[in-house]
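A.B. asks: Just passing along the structure, written as structure tokens.
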């Protein structure tokens with residue numbers, strides 16, 4: 001399946017229990033589609049959610065709503081059935097919002113361009129925690145629910161661990177020479193994997209976050225903009241050259257390429273709710289068209305790529321999934 005969105009997408013998410021997928025666009029628009037294997041995708045909603053680009057989107061409240069974060073600094077919750085706004089926080093952050101993840105049934109976390117991470121109660125519509133943890137944009141986050149630890153990576157080259165029980169920054173890695181762009185927890189919580197700007201996977205042992213314990217360089221020099229955990233031993237990587245690969249961790253090896261989405265970066269990877277073998281990956285790419293009116297050599301910085309494309313409003317793009 002491939003969906004032509006008309007404009008550059010920065011984010012996407014699958015519904016937790018239905019054949020629905022949402023995408024946030026450079027224009028600030030939010031799209032919602034119903035899909036199945038036997039027919040073309042049907043667009044259910046098209047909403048102008050933000051005045052600037054929609055950089056992050058997640059289903060919340062068991063899929064009853066979609067929450068989005070934007071470079072206009074706002075966070076919006078939208079009702080799935082009606083497309084009507086449920087709540088909007090106009091100045092949720094002091095700077096542009098870059099990333100957004102689900103934590104629990106009633107909490108999400110957002111990260112901005114200046115390194116601030118905030119935790120939000122979606123029912124109370126209020127901020128629970130705030131951490132000024134990084135010196136540059138918060139590129140990605142993941143959550144260890146058993147220990148209530150929120151991990152984040154940043155363009156400043158660090159991995160940070162925030163303890164949501166104590167409301168403290170528990171640990172932070174030494175500065176890397178490369179921007180860290182993506183993060184997952186693997187090996188039953190024993191390893192944290194980070195994708196970097198130069199295409200190296202950095203492996204950290206849990207509890208020892210100051211420096212990485214291993215490096216895997218086979219995907220260099222293309223930046224690893226997105227990571228999606230398949231199981232405890234395998235991760236799916238999305239790179240700036242549009243290549244999606246299945247990679248084994250300890251032993252670390254490229255198992256096989258899975259797909260290629262032209263020569264533009266894979267911004268996001270996600271699983272559909274059923275996680276069938278034939279639809280394990282659904283990447284969002286900066287382009288699927290050779291006629292795209294942007295620089296054909298996008299900058300290696302994921303932040304730079306997004307900001308560059310935010311000025312290319314006449315660009316077209318798509319995302320696809322094998323279903």
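The backbone N, Cα and C atoms fix where each Cβ goes, glycine too.
Predicted automatically and left uncurated, TrEMBL annotations should be read as such.
Note that the structure is a prediction, hence the values are computed from the model and not measured.
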A.B. asks: Looking at the ranges 232-277, 278-323, which is given as region 'Disordered' in TrEMBL?
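C.D. replies: Residues 278-323 are the ones TrEMBL records as region 'Disordered'.
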A.B. asks: Which residue counts does DSSP yield for the repeat 'WD' (47-88) in the helix, strand and coil classes, in that order?
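C.D. replies: Once the DSSP states are binned, the repeat 'WD' (47-88) shows 3 helix, 24 strand, 15 coil.
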